Amino acid sequence: HVRQLYALVSETLRYASVLEKLLDGAALLQAEKKLPPQLAKVLVYDLLFGKGLKCGGRWKALARRHRARLEAELARMKVRHKVSRNEDLLAPEQAVSPAAFQVPRYVRVNTLKTCVDDVIDFFKRQGYTYLGKAASVEELKALSGKKFLLDLHLPELLVFPSQTDLHDNLLYTSGHIVLQDKASCLPAFLLGPVVGSHVIDACAAPGNKTSHLAAILKNKGQIFAFDVDPKRVAAMNTLLTRAGVTSCQLAQQDFLTVDPRDPKYSRVTHILLDPSCSGSGMVTRGPGQEAAPSAERLQALAGFQRRVLNHALSFPALRRLVYSTCSLHQEENEDVVQAVLQEWGSAFRLVTAFPSWPCRGLTAFSGAESCLRASPAETLTHGFFVAVLERCREGAAAPSSLPAAAKENPQPGEGTEPGAAPKKRKKKKQWVK
């Protein structure tokens, strides 16, 4: 709900000048003197441009009372500007990047509660047409209407057209599916802990990656998830409970204050680290909504990211770590990884993450191509960066470039049927520890 509200307010800001003209032309504020101007913009945006007023009560009734007048004023504005689409009323710099529209709706099947085949059958019964497993990114681009595909890279990810809204779908509200961008699914997938492992999710909220880790672990082993904000921890607890996660211990704690030598974490072999970043890869943020971070801001973020990555690598039993951000900036990505690897010498090394992934790390240093990047243009996802680090051991075999999850779910051409997944098992409801 917070994400939906954020999107609504962000879009309202993007249409602010258009909404001001609509309010003036329809004389809405003169007719409703007690209506706050900013609230009026949100209501009018949702009424005319959004999903049709999901709110209730007197504000909904008020907006609907003036609907005809507002629609007439919108029609006059389009005639005056000689345009047919609402989007064309925006100034060029306000127009949404095409990337925001070409990123599909990704749906991760929550295998703690169901399986891919059952979810596919459910959507078929709802009138959707299943087109099988995608063979290329181009197939994802071509999706339209009530059609969907199985993703070409991730075995438990379904792909729908970008404008598909599933927030009210029974599978979503019951926790059987998770609405999660494909790039955001990569960190847990590439960490790939084996069933029974002890894992840390260092900066865990809002919890989608944590629930993904629990699904990979099949609720066996242990996940330690940290976030410093009490409200985010409470919301995350609700999300994990809905997803059927029982193998997670939540802690309202700054990960930097966690003692790596605490016996509690002596068996932690895998860490997922997705620290705070500039968020510059999130395509749902319209242009102009947030200024590009200054050099000082980027340096401050990178300094924090280096500290938290160094801290994560200090856990004594750690074998594999995934570092990820939703940032496009080299300062937060390749530069952070390079600096920390230099500090640790030969103790850790980069392994090639997902060799078949088309978008690689920037050539900022030798070996940076082992990292991967994601982008709307090349991978049809949000902008993302992922690096996989493994501890070096004397005499150890070369590290695997694919996690355990990928080995259990081979890539195309290795003998798996599209949509193959474990059958669901009935489980008693349990609270998150």
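Cβ coordinates come from backbone N, Cα and C, glycine included.
Bear in mind that TrEMBL entries carry predicted annotations, made automatically and left uncurated.
Taken from TrEMBL, the feature active site, nucleophile covers CYS326. Of all the Cβ atoms in the protein chains shown, 21 others lie within 10 Å of the Cβ of CYS326 (active site, nucleophile).
Under a cutoff of 8 A between CB atoms, and with a sequence separation of 6+ in the same chain, the neighbours of ALA205 (S-adenosyl-L-methionine binding site) are ASP227, ASP229, ARG232, VAL233, ALA235, MET236. Look at TrEMBL and you will find CYS203, ALA204, ALA205, PRO206, GLY207, ASN208, LYS209, ASP227, ASP254, ASP274 tagged as S-adenosyl-L-methionine binding site.
According to TrEMBL, the feature coiled coil maps to 60-87.
According to TrEMBL, the compositional bias 'Basic residues' annotation covers 422-433.
Per TrEMBL, the feature domain 'SAM-dependent MTase RsmB/NOP-type' maps to 95-392.
Summarising the annotation, TrEMBL assigns region 'Disordered' to 399-433.
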If you draw a 10 Å sphere on the Cβ of LYS209 (S-adenosyl-L-methionine binding site), how many other Cβ atoms land inside? 25
Same-chain residues at least 6 apart in sequence whose Cβ lies under 8 Å from GLY207 (S-adenosyl-L-methionine binding site): ALA225, ALA235, MET236, LEU239, LEU240
Mean per-residue pLDDT in the coiled coil (60-87) works out to 80
Other CB atoms, at most 10 A from the CB of ASP254 (S-adenosyl-L-methionine binding site): 14
